[in-house]
Amino acid sequence: MLFLAIAGDWLQGPYVYYLYSQYGFGKGEIGQLFIAGFGSSMLFGTIVGSLADKQGRKRACVTYCLTYILSCITKHSPQYRILMLGRILGGIATSLLFSAFESWLIAEHNKRGFEQQWLSVTFSKAIFLGNGLIAILSGLFGNVLVHSLDLGAVAPFDAASCFLALGMIIILSSWTENYGDPSENKDLLTQFRGAAVAIASDEKIALLGAIQSLFEGSMYTFVFLWTPALSPKNEEIPHGFIFATFMLASMLGSSLASRLLARASLRVENYMQIVFVVSAASLVLPIVTSFLVEPSQVKGGSISFSGCIQLVGFCVFEACVGIFWPSIMKMRSQYIPEEARSTIMNFFRIPLNVFVCVVLYNVDAFPISVMFGMCSIFLFVASILQRRLLVIVEKLKIESRPSFREKDAEMEPLNA
């Protein structure tokens, strides 16, 4: 079922910017529409996350499907206000997608008494299939709808609505309900305070939130920037096929992550430092090409040589995204307390959405290369914070080991 929900999301991805441009909106106006989505996720995300913990994660997943279907319907209107409403609904749905489903899965996993190591396998397979295979098929299917069948840029959104409706039926008929804290009937304000205290009192949770915000903020900025970066002169680029290529790279990354997570001797906190550095380097390519490759002066045409070079870097970045998702899920399952999981995860999205909104608000003020440079800097900072998290975890691990004196004290009764 999760794959149907993800398919409903991935079908839309390659064509959001393209659809808005087909309606005649410029980069600045499209940026404002994207801001509405991220701003909505920031404002309402924490609330819906808390409601998911309080009212039930299954209900939250159903709400995701309904909200996203309504968002897809608004794409039929070229009116700016209607599209803005759709972006607000989409922002709420995104918050639910990235919190409610994962929270339901972890709670259900623990309730049924499965081994914790199986979570790593589940996360890796979910990313491999959902963010990989399903995303590739969604991109190709969208390309068929828009270009081969010539059904227009809104066709993928209609197809997404169908997948979301089917997914909602499966949730209602086969899922059981679970909650964040069944022992207490907490109000929203109490949940907010509990989540804030958990973040402030545990440096591991705070670092994890900062790392997630920096990486996902760069990722969502990339989602907006890749289309104008590859077609600066309105080149005709195959959005669906390029998106499918990105998702293939992401699938390869998630496959590598599953192998890394399966190695008990290798800590997630260790290899993720390298992943963040590589992702930072991959987004430097647009800056390098702007200096070394002379831009094309011809309007239209196919993708340029500079665009091809950037495309390689973007695929490397997507491979890092594929490694990131199962790895961050594993760390969240280790460090975030179950009773307020959805609330805390949506707290993490507040700085993420602020960052993306600020970048998109100034999208007309700076060249695209500067925007990619900012993303690269934030990814490098994420690698530094990941190093700090590793140091804390290693320190706690050493402190938890019994000293030689404690071991001797335990052995004395046996020797006697």
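Glycine residues also receive a Cβ, built from the backbone N, Cα and C atoms like all the rest.
Residues or ranges marked as transmembrane segment in TrEMBL: 30-52, 85-106, 126-146, 153-175, 241-262, 274-292, 304-325, 346-362, 368-385.
Listed as Cβ neighbours of the transmembrane segment (304-325) (distance under 8 Å, sequence separation of 6 or more from its ends, same chain) are residues 123, 127-128, 131-132, 215, 219, 222, 226, 229-233, 235, 237, 242, 245-247, 249-257, 260, 272, 275-276, 278-279, 282-286, 289-290, 293, 295-296. Taking pairs at least six residues apart, the transmembrane segment (346-362) and the transmembrane segment (126-146) share fewer than three Cβ pairs below 8 Å and do not count as touching. Note on the transmembrane segment (368-385): residues 207, 210-211, 214-215, 217-218, 221-222, 225, 228-229, 232, 273-274, 276-277, 279-281, 283-284, 286-287, 290, 355, 359 of its chain, located 6 or more positions outside it, place their CB under 8 angstroms from a CB of the stretch.
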